[in-house]
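Since the structure comes first, as structure tokens, the remarks are kept for the end.
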């Protein structure tokens, strides 16, 4: 039956807080057995002068057997906000039998009209057409260009030494003695490559698990699954990062292993802890408990680090020996001047445009589900977009790297890395557009929360994008 659970002494400060919440259309979200329910704080009259608070929460809970399958909330008891009065808050619960099956209880929260809209299907089709076009374009460019290069080089091999010396030598073949030269800052480079391998593994496994199991039916299950898979795939990080560092002649492998193990956790935890301090200052419900932060640190030190060490040792011993097809010159070849559009900075800026174009529609649906409290459940679409992103990234970076080598610039490692990772810059720029035009967030806490976690998401996406191409080359 209707029961009073608290009374509010409405002084001026509390009344002003309620009026502010009503004017800005504040609403709240609660859970009963993981089923979300929403309610609005109050409403104003037509003139906007008087404000009313909903004081009676009427809960109707449907059950099937011994399981809760349906929850509805009705707000009643409209009371005018008058200073120096006492307002009683009450609720009631009514139980009713329901024919809804337990495994189908989340169906009413899904939004097929939004996620399965024809625009979503059209974006997937459009991305596939882009993939077909890019694959054909790259194949045609490389086949025609490489055929001409091979014909010219074969002709040069038939010349005598004097003719060859007088000939006009240029192109990618001239840097064969420098193309396998170790990259600058090999320790950071190897750590990023290892982290990219791990992020890609986590993304692939989590999406597959989400397609098989309905992870959205239990709060926090997606995040818990991602943390578990990330910790379990730490040997992947150590294996690829350690083997690449050994191939490049690195000797401080323990330091590289520590950097690779804590690169992503430090970024995520550092951002989360910073936002958490702001949340604690604002007494927000988003504040992470201290015990949870300690548990995450323990996972990093006692699970991720040992597994990363195992992967590093395996990588150095199994695939850490250089197996380059040609010898590296002792003296680096001077890099000739080239046109402005062949500069690495220009290639990096242009490299991320097409990969971003293939995923930006899906980014809208992901952002909306995360920031607008919609339940994302179309993980089949996400898998398709991941495959499309990989193919587009490979095609674009192959062309970028070929143009760079053809300009006799052998510094391809970081250029290929950043040309793929620049997709993250465009995603982060898109998050600015989404923040200002698609959300109503404001204030220090909401702004730092949004842009902090979007920076983490964009950085992880960029590190993952570069991996696909580099492994193909490797």
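Yeah, the Cβs are placed from backbone N, Cα and C, and that goes for glycine too.
What TrEMBL lists as transmembrane segment is 119-142 (among others).
Under the heading transmembrane segment, TrEMBL lists 188-212 (among others). Listed by sequence, the residues of this chain that lie at least six past the ends of the transmembrane segment (188-212) yet keep a Cβ under 8 A from its Cβ atoms are 222, 225-226, 229-230, 233-234, 236-242, 244-245, 248, 250, 256, 259-260, 263-264, 379-380, 382-383, 386, 413-414, 417, 460, 463-468, 470-471.
Only residues 6 or more beyond the boundaries of the transmembrane segment (224-246), in the same chain, are considered here, and those with a CB under 8 A from a CB of the stretch are 186-187, 189-191, 193-195, 197-198, 201-202, 205-206, 209-210, 215, 253, 256-257, 260-261, 264, 296, 299, 303-305, 307-316, 318-321, 471, 474. According to TrEMBL, the transmembrane segment annotation covers 224-246 (among others).
Among the features that TrEMBL reports, transmembrane segment is placed at 258-282 (among others).
The transmembrane segment annotation in TrEMBL covers 288-310 (among others).
Taken from TrEMBL, the feature transmembrane segment applies to 345-367 (among others). For the transmembrane segment (345-367), the residues of the chain that approach it from at least six positions outside its boundaries are 114-115, 119-120, 123, 126-127, 130-131, 134, 376, 378, 381-382, 385, 388-389, 392-393, 396-397, 400, 403-404, 415, 418-427, 430-431, 434, 438, 465, judged by C-beta separation under 8 angstroms.
Packing against the transmembrane segment (379-405) from elsewhere in the chain are residues 115, 120, 124, 127-128, 130-131, 134-135, 137-138, 141-142, 145, 172, 175, 179, 203-204, 207-208, 210-211, 342, 344, 347, 350-351, 354-355, 358-359, 362, 365-366, 411-412, 415-416, 419-420, 423, 465, 468-469, 472-473: each is 6 or more residues past its ends and has a CB under 8 Å from a CB in it. Residues or ranges marked as transmembrane segment by TrEMBL: 379-405 (among others).
Taken from TrEMBL, the feature transmembrane segment applies to 417-437 (among others).
Positions annotated as transmembrane segment by TrEMBL: 449-472 (among others).
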